[in-house]
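Following: one structure in structure tokens, then a few remarks.
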Amino acid sequence: MAVSMTHLLVTIMLLAAHSAFAETNMLQDLCVADLKGSKVNGYPCKDPSQVTPEDFYYMGLANAADTSNTSMGSAVTAGNVEKIPGLNMMGTSMSRIDYAPGGLTPPHLHPRASEAIFVLEGSLFVGFLTTSGKLISKHVKKGDVFAFPRALLHFQQNPNKTPASVIAAFDSQNPGTQSVGPSLFGANPPIPDDLLAKAFSLGTNEIQNIKGKFQKK
């Protein structure tokens, strides 16, 4: 009897798990995002009769972005679900990142996606940190691909005197980006100075100076 009950419980758990996984799959051909609809965990589906080819089309990655007015010398052009509504429920998106000479994408992470970059022009120094603190880095050039695991801190730097650009692919329609500096020192409401001072082995005056650099104008 005990064996039969155990078998029954295991069977029920497996069926429940299978059902849970099945519900994450697409149950129709497409679900073009209704960007004006109520957002819960993603976007509701647009009326299929209103779907057009433009819902799946975007030309924003074709041209380099202006990097001259950015503090880090890099500019991101996103090609996510907000720009391409047809990506809704597909679990994929793309971006273009352009770098001025000496430009940098500072340490950041994508909480909802892994990332792979393809170098369009120039060359970069790229890398990510594992949770044990190991740095995995490499110099990449035009035509190369480099991958960054989901939710790990990573960066891209153009150490050269010529511009560079990459196309980035993500396994999420909206990967999200969290940068270390602005998140810690530009939080609203602010993280207490003494907490950050202890965390980084700095004085509170130094923390206040750093915070001043990240305050929103």
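The chain as shown is numbered from 1 upward.
Including glycine, each Cβ sits where the backbone N, Cα and C put it.
According to TrEMBL, the Mn(2+) binding site annotation covers His108, His110, Glu115, His154. Sequence annotations record features per position, and here TrEMBL assigns oxalate binding site to His110, Glu115. The disulfide bond feature in TrEMBL is assigned to Cys31-Cys45. The signal peptide annotation in TrEMBL covers 1-22.
Here the features listed in TrEMBL are painted onto the structure.
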{"residue": "Cys31", "record": "disulfide bond", "Cβ within 10 Å": "21"}
{"residue": "Cys45", "record": "disulfide bond", "Cβ within 10 Å": "17"}
{"residue": "His108", "record": "Mn(2+) binding site", "Cβ within 10 Å": "17"}
{"residue": "His110", "record": "Mn(2+) binding site", "Cβ within 10 Å": "22"}
{"residue": "Glu115", "record": "Mn(2+) binding site", "Cβ within 10 Å": "22"}
{"residue": "His154", "record": "Mn(2+) binding site", "Cβ within 10 Å": "22"}
Between His154 (Mn(2+) binding site) and Cys45 (disulfide bond), how many Å separate their Cα atoms? 33
Taking 8 Å from the centroid of the Cβ atoms of His108, His110, Glu115, His154 as the cut-off, which other residues in that chain fall inside it around the Mn(2+) site? Leu109, Ala113, Phe128, Phe148, Leu152, Leu153, Pro175, Thr177
Between Cys45 (disulfide bond) and Glu115 (Mn(2+) binding site), how far is it from one CA atom to the other, in Å? 26
What whole-number Å value do you get for the CA-CA distance of His110 (Mn(2+) binding site) and Cys31 (disulfide bond)? 24
If I take the alpha carbons of Glu115 (Mn(2+) binding site) and Cys31 (disulfide bond), what is the distance between them in whole Å? 23
Distance between His108 (Mn(2+) binding site) and Cys31 (disulfide bond) at the Cα atoms, whole Å? 30
